[in-house]
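Contents: one structure, followed by commentary.
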Amino acid sequence: MATLKVPAHLPAPSEDVEQLRKAFEGWGTNEQLIIDILAHRNAPQRNLIRKTYAEACGEDLLTSLEKELSSDFERAVLLFTLDPAERDAYLANESTKRFTSSNWILMEIACTRSPHELFNVRKAYHARYKKSLEEDVAHHTTGEYRKFLVPLVSAFRYEGEEVNLTLAKSEAKILRDKISHKHYSDEEVIRIVTTRSKAQLNATLNHYNTAFGNAINKDLKADPKDEFLKLLRAAIKCLTVPEKYFEKVLRQAINKLGTDEWALTRVVTTRAEVDMVRIKEEYQRRNSVTLEKAIAGDTSGDYERMLLALI
(Lines of atoms letter the chains of each structure in order from A and count residues from 1; the text may use other names and numbers.)
(Lines give C-alpha, C1' and ligand atoms only; values in the text may rest on other atoms or scores of the structure.)
Protein backbone atom coordinates (compact mmCIF):
# COMPACT_ATOMS: atom_id res chain seq x y z
CA MET A 1 0.00 0.00 0.00
CA ALA A 2 1.54 3.31 -1.05
CA THR A 3 1.85 5.86 1.73
CA LEU A 4 2.25 9.58 1.63
CA LYS A 5 5.73 10.94 2.07
CA VAL A 6 5.90 12.17 5.64
CA PRO A 7 8.68 14.47 6.91
CA ALA A 8 11.38 12.50 8.75
CA HIS A 9 10.93 14.35 12.06
CA LEU A 10 7.23 14.73 12.50
CA PRO A 11 6.01 17.36 14.90
CA ALA A 12 3.77 16.20 17.73
CA PRO A 13 0.01 16.49 17.02
CA SER A 14 -0.14 19.38 19.53
CA GLU A 15 2.46 21.29 17.45
CA ASP A 16 0.46 20.63 14.27
CA VAL A 17 -2.67 21.91 16.03
CA GLU A 18 -0.82 25.05 17.15
CA GLN A 19 0.32 25.66 13.55
CA LEU A 20 -3.22 25.12 12.23
CA ARG A 21 -4.58 27.62 14.74
CA LYS A 22 -1.98 30.11 13.49
CA ALA A 23 -3.05 29.40 9.91
CA PHE A 24 -6.63 30.37 10.79
CA GLU A 25 -5.74 33.51 12.76
CA GLY A 26 -5.58 37.08 11.53
CA TRP A 27 -7.13 38.58 8.43
CA GLY A 28 -6.32 35.97 5.84
CA THR A 29 -5.99 32.22 6.10
CA ASN A 30 -2.54 30.71 5.58
CA GLU A 31 -3.57 28.06 3.01
CA GLN A 32 -0.02 26.89 2.34
CA LEU A 33 0.49 26.06 6.01
CA ILE A 34 -2.71 23.98 5.97
CA ILE A 35 -1.44 22.07 2.91
CA ASP A 36 2.02 21.61 4.48
CA ILE A 37 0.48 19.97 7.50
CA LEU A 38 -2.61 18.03 6.40
CA ALA A 39 -1.41 16.85 2.98
CA HIS A 40 1.71 15.35 4.59
CA ARG A 41 0.13 13.33 7.41
CA ASN A 42 -1.26 9.81 7.04
CA ALA A 43 -4.75 8.77 8.15
CA PRO A 44 -3.89 7.80 11.77
CA GLN A 45 -1.89 11.04 12.17
CA ARG A 46 -4.75 13.15 10.79
CA ASN A 47 -7.17 11.43 13.18
CA LEU A 48 -4.86 12.29 16.07
CA ILE A 49 -4.63 15.91 14.91
CA ARG A 50 -8.44 16.13 14.80
CA LYS A 51 -8.77 14.64 18.26
CA THR A 52 -6.10 16.97 19.68
CA TYR A 53 -7.63 19.97 17.91
CA ALA A 54 -11.10 19.25 19.33
CA GLU A 55 -9.66 18.97 22.85
CA ALA A 56 -7.58 22.13 22.53
CA CYS A 57 -10.01 24.33 20.61
CA GLY A 58 -13.42 22.96 21.56
CA GLU A 59 -14.37 22.63 17.89
CA ASP A 60 -14.02 19.93 15.24
CA LEU A 61 -11.13 20.73 12.91
CA LEU A 62 -13.47 20.13 9.96
CA THR A 63 -15.78 22.88 11.20
CA SER A 64 -12.87 25.31 11.46
CA LEU A 65 -11.68 24.37 7.97
CA GLU A 66 -15.18 24.89 6.58
CA LYS A 67 -15.23 28.41 7.98
CA GLU A 68 -11.80 29.29 6.59
CA LEU A 69 -11.72 27.68 3.16
CA SER A 70 -13.91 27.69 0.08
CA SER A 71 -14.76 25.95 -3.20
CA ASP A 72 -12.69 23.06 -4.62
CA PHE A 73 -9.77 23.62 -2.28
CA GLU A 74 -12.10 23.35 0.72
CA ARG A 75 -13.60 20.12 -0.61
CA ALA A 76 -10.19 18.54 -1.22
CA VAL A 77 -8.89 19.45 2.25
CA LEU A 78 -12.07 18.31 4.03
CA LEU A 79 -12.28 15.01 2.16
CA PHE A 80 -8.64 14.21 2.77
CA THR A 81 -8.82 15.14 6.46
CA LEU A 82 -11.70 12.74 7.05
CA ASP A 83 -10.98 9.22 8.26
CA PRO A 84 -11.11 6.95 5.14
CA ALA A 85 -14.23 5.04 6.29
CA GLU A 86 -15.99 8.29 7.22
CA ARG A 87 -15.00 9.79 3.87
CA ASP A 88 -16.40 6.84 1.95
CA ALA A 89 -19.62 6.95 3.99
CA TYR A 90 -19.95 10.64 3.17
CA LEU A 91 -19.28 10.08 -0.55
CA ALA A 92 -21.73 7.18 -0.66
CA ASN A 93 -24.41 9.24 1.05
CA GLU A 94 -23.77 12.19 -1.25
CA SER A 95 -24.06 9.91 -4.25
CA THR A 96 -27.45 8.59 -3.17
CA LYS A 97 -28.64 12.21 -3.41
CA ARG A 98 -27.12 13.02 -6.78
CA PHE A 99 -28.85 12.47 -10.09
CA THR A 100 -25.76 11.96 -12.21
CA SER A 101 -23.20 9.14 -12.16
CA SER A 102 -23.94 8.41 -8.51
CA ASN A 103 -24.26 4.65 -9.04
CA TRP A 104 -20.67 4.65 -10.22
CA ILE A 105 -19.40 6.04 -6.92
CA LEU A 106 -21.25 3.37 -4.95
CA MET A 107 -19.82 0.71 -7.25
CA GLU A 108 -16.32 2.24 -6.97
CA ILE A 109 -16.36 2.17 -3.17
CA ALA A 110 -17.77 -1.36 -3.04
CA CYS A 111 -15.27 -2.80 -5.53
CA THR A 112 -11.99 -1.06 -4.68
CA ARG A 113 -12.01 -1.24 -0.88
CA SER A 114 -10.89 -4.34 0.98
CA PRO A 115 -13.63 -6.39 2.68
CA HIS A 116 -12.67 -4.90 6.07
CA GLU A 117 -12.58 -1.36 4.69
CA LEU A 118 -16.02 -1.81 3.15
CA PHE A 119 -17.30 -3.22 6.44
CA ASN A 120 -15.95 -0.10 8.20
CA VAL A 121 -17.66 2.12 5.63
CA ARG A 122 -20.98 0.45 6.44
CA LYS A 123 -20.34 0.97 10.17
CA ALA A 124 -19.40 4.64 9.64
CA TYR A 125 -22.47 5.13 7.45
CA HIS A 126 -24.72 3.64 10.09
CA ALA A 127 -23.19 5.81 12.83
CA ARG A 128 -23.43 9.01 10.81
CA TYR A 129 -26.77 8.69 9.03
CA LYS A 130 -28.67 6.45 11.45
CA LYS A 131 -29.60 3.96 8.73
CA SER A 132 -27.78 1.33 6.75
CA LEU A 133 -25.95 1.92 3.50
CA GLU A 134 -27.83 -1.03 1.95
CA GLU A 135 -31.14 0.56 2.94
CA ASP A 136 -30.25 3.88 1.30
CA VAL A 137 -28.89 2.22 -1.84
CA ALA A 138 -32.07 0.14 -2.15
CA HIS A 139 -34.19 3.24 -1.63
CA HIS A 140 -32.38 5.31 -4.26
CA THR A 141 -32.06 2.71 -7.01
CA THR A 142 -34.46 0.61 -9.05
CA GLY A 143 -34.49 -2.39 -11.38
CA GLU A 144 -31.23 -3.99 -12.39
CA TYR A 145 -29.21 -1.26 -10.64
CA ARG A 146 -30.78 -2.14 -7.30
CA LYS A 147 -30.39 -5.85 -8.03
CA PHE A 148 -26.65 -5.30 -8.58
CA LEU A 149 -25.69 -2.52 -6.16
CA VAL A 150 -27.36 -3.76 -2.97
CA PRO A 151 -25.42 -7.08 -2.86
CA LEU A 152 -22.30 -5.23 -4.05
CA VAL A 153 -22.26 -2.81 -1.10
CA SER A 154 -23.26 -5.62 1.29
CA ALA A 155 -20.44 -7.97 0.25
CA PHE A 156 -17.74 -9.31 2.53
CA ARG A 157 -15.46 -11.14 0.09
CA TYR A 158 -12.79 -13.66 1.00
CA GLU A 159 -9.48 -11.80 0.79
CA GLY A 160 -6.92 -14.58 0.41
CA GLU A 161 -5.10 -15.83 -2.68
CA GLU A 162 -6.57 -19.37 -2.73
CA VAL A 163 -8.31 -20.15 -6.01
CA ASN A 164 -10.56 -23.03 -7.05
CA LEU A 165 -9.79 -23.65 -10.73
CA THR A 166 -12.66 -26.08 -11.27
CA LEU A 167 -15.04 -23.42 -9.99
CA ALA A 168 -13.34 -20.80 -12.18
CA LYS A 169 -13.98 -22.94 -15.27
CA SER A 170 -17.61 -23.63 -14.44
CA GLU A 171 -18.35 -19.98 -13.56
CA ALA A 172 -16.61 -18.73 -16.69
CA LYS A 173 -18.98 -20.98 -18.64
CA ILE A 174 -22.01 -19.63 -16.73
CA LEU A 175 -20.93 -16.06 -17.47
CA ARG A 176 -20.38 -16.84 -21.13
CA ASP A 177 -23.77 -18.50 -21.40
CA LYS A 178 -25.66 -15.61 -19.75
CA ILE A 179 -23.79 -12.94 -21.72
CA SER A 180 -24.32 -14.64 -25.08
CA HIS A 181 -28.06 -14.67 -24.32
CA LYS A 182 -27.90 -11.00 -23.24
CA HIS A 183 -29.01 -11.91 -19.69
CA TYR A 184 -26.66 -9.31 -18.23
CA SER A 185 -28.46 -8.81 -14.93
CA ASP A 186 -29.12 -12.51 -14.38
CA GLU A 187 -28.86 -13.62 -10.74
CA GLU A 188 -25.89 -15.86 -11.54
CA VAL A 189 -23.91 -13.03 -13.17
CA ILE A 190 -24.64 -10.79 -10.19
CA ARG A 191 -23.81 -13.53 -7.69
CA ILE A 192 -20.40 -14.20 -9.26
CA VAL A 193 -19.41 -10.53 -9.59
CA THR A 194 -20.66 -9.49 -6.15
CA THR A 195 -19.47 -12.39 -3.98
CA ARG A 196 -16.29 -13.97 -5.37
CA SER A 197 -12.88 -13.00 -4.03
CA LYS A 198 -10.74 -10.87 -6.33
CA ALA A 199 -8.30 -13.75 -6.83
CA GLN A 200 -11.13 -16.14 -7.72
CA LEU A 201 -12.71 -13.62 -10.07
CA ASN A 202 -9.39 -13.08 -11.83
CA ALA A 203 -9.02 -16.83 -12.35
CA THR A 204 -12.57 -17.02 -13.76
CA LEU A 205 -12.01 -14.11 -16.14
CA ASN A 206 -8.65 -15.47 -17.28
CA HIS A 207 -10.34 -18.76 -18.08
CA TYR A 208 -13.15 -16.90 -19.86
CA ASN A 209 -10.59 -15.15 -22.05
CA THR A 210 -8.67 -18.34 -22.85
CA ALA A 211 -11.69 -20.57 -23.42
CA PHE A 212 -13.83 -18.15 -25.42
CA GLY A 213 -11.20 -16.02 -27.13
CA ASN A 214 -12.48 -12.70 -25.83
CA ALA A 215 -12.02 -10.69 -22.66
CA ILE A 216 -15.34 -10.50 -20.81
CA ASN A 217 -15.47 -6.69 -21.04
CA LYS A 218 -15.32 -6.97 -24.82
CA ASP A 219 -18.36 -9.25 -24.80
CA LEU A 220 -20.12 -6.84 -22.44
CA LYS A 221 -19.80 -4.07 -25.04
CA ALA A 222 -22.52 -5.64 -27.18
CA ASP A 223 -24.78 -2.67 -26.57
CA PRO A 224 -22.57 0.43 -26.11
CA LYS A 225 -25.52 2.61 -25.10
CA ASP A 226 -26.66 0.33 -22.27
CA GLU A 227 -25.89 2.20 -19.01
CA PHE A 228 -26.19 -0.88 -16.81
CA LEU A 229 -23.64 -2.68 -19.00
CA LYS A 230 -21.25 0.25 -18.61
CA LEU A 231 -21.58 -0.04 -14.84
CA LEU A 232 -21.03 -3.80 -14.93
CA ARG A 233 -17.89 -3.39 -17.07
CA ALA A 234 -16.59 -0.69 -14.72
CA ALA A 235 -17.21 -2.95 -11.69
CA ILE A 236 -15.19 -5.75 -13.30
CA LYS A 237 -12.40 -3.27 -14.03
CA CYS A 238 -12.46 -1.99 -10.42
CA LEU A 239 -12.27 -5.51 -9.06
CA THR A 240 -9.43 -6.63 -11.32
CA VAL A 241 -7.38 -3.58 -12.47
CA PRO A 242 -8.41 -0.61 -10.29
CA GLU A 243 -5.55 1.59 -11.52
CA LYS A 244 -6.96 1.38 -15.09
CA TYR A 245 -10.40 2.33 -13.85
CA PHE A 246 -9.10 5.34 -11.88
CA GLU A 247 -6.84 6.44 -14.74
CA LYS A 248 -9.91 6.63 -16.97
CA VAL A 249 -11.91 8.60 -14.39
CA LEU A 250 -9.02 11.09 -14.08
CA ARG A 251 -8.53 11.32 -17.84
CA GLN A 252 -12.22 12.05 -18.38
CA ALA A 253 -12.28 14.54 -15.49
CA ILE A 254 -9.31 16.48 -16.87
CA ASN A 255 -9.98 16.23 -20.60
CA LYS A 256 -13.53 17.50 -20.41
CA LEU A 257 -14.51 20.94 -21.60
CA GLY A 258 -14.19 22.35 -18.13
CA THR A 259 -12.72 20.12 -15.47
CA ASP A 260 -14.89 17.71 -13.50
CA GLU A 261 -13.47 18.81 -10.12
CA TRP A 262 -15.89 16.55 -8.29
CA ALA A 263 -14.35 13.41 -9.82
CA LEU A 264 -10.79 14.74 -9.73
CA THR A 265 -10.99 15.57 -6.02
CA ARG A 266 -12.65 12.26 -5.17
CA VAL A 267 -10.03 10.10 -6.88
CA VAL A 268 -7.03 12.04 -5.59
CA THR A 269 -8.23 12.16 -1.97
CA THR A 270 -9.38 8.53 -1.81
CA ARG A 271 -6.41 6.96 -3.64
CA ALA A 272 -3.52 9.14 -2.39
CA GLU A 273 -2.66 6.66 0.36
CA VAL A 274 -3.57 3.52 -1.55
CA ASP A 275 -2.46 3.02 -5.17
CA MET A 276 -1.64 6.49 -6.50
CA VAL A 277 1.80 5.33 -7.68
CA ARG A 278 0.19 2.72 -9.96
CA ILE A 279 -2.48 5.17 -11.13
CA LYS A 280 0.19 7.73 -12.06
CA GLU A 281 2.17 5.10 -14.00
CA GLU A 282 -0.99 4.04 -15.83
CA TYR A 283 -1.87 7.69 -16.56
CA GLN A 284 1.52 8.42 -18.07
CA ARG A 285 1.47 5.21 -20.10
CA ARG A 286 -1.98 5.97 -21.46
CA ASN A 287 -1.65 9.73 -22.06
CA SER A 288 2.11 10.28 -22.64
CA VAL A 289 2.00 13.06 -20.03
CA THR A 290 2.45 12.88 -16.26
CA LEU A 291 -0.58 13.21 -14.03
CA GLU A 292 1.18 16.10 -12.24
CA LYS A 293 1.48 18.00 -15.51
CA ALA A 294 -2.13 17.27 -16.47
CA ILE A 295 -3.44 18.48 -13.10
CA ALA A 296 -1.21 21.56 -13.10
CA GLY A 297 -2.46 22.45 -16.58
CA ASP A 298 -6.08 22.13 -15.55
CA THR A 299 -6.30 23.56 -12.03
CA SER A 300 -4.86 26.57 -10.23
CA GLY A 301 -4.10 28.17 -6.88
CA ASP A 302 -4.46 26.39 -3.55
CA TYR A 303 -6.60 23.65 -5.10
CA GLU A 304 -3.81 22.78 -7.54
CA ARG A 305 -1.19 22.88 -4.75
CA MET A 306 -3.27 20.56 -2.55
CA LEU A 307 -3.82 17.99 -5.33
CA LEU A 308 -0.14 18.03 -6.33
CA ALA A 309 0.91 17.57 -2.68
CA LEU A 310 -1.40 14.53 -2.45
CA ILE A 311 -0.28 12.78 -5.62
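Cβ atoms are placed via backbone N, Cα and C, with glycine included.
Feature annotation from TrEMBL assigns Ca(2+) 1 binding site to Phe24, Gly26, Gly28, Glu68, Ile254, Lys256, Gly258, Ala296, Thr299, Glu304. With a 10 A radius on its CB, Phe24 (Ca(2+) 1 binding site) counts 17 other CB atoms from all the protein chains.
All protein chains considered, the CB of Asp298 (Ca(2+) 3 binding site) has 17 other CB atoms within 10 Å. Here TrEMBL flags Asp298 as Ca(2+) 3 binding site.
Cβ neighbours of Ile254 (Ca(2+) 1 binding site) (same chain, under 8 Å, six or more residues apart in sequence): Leu264, Ala294, Ile295, Asp298.
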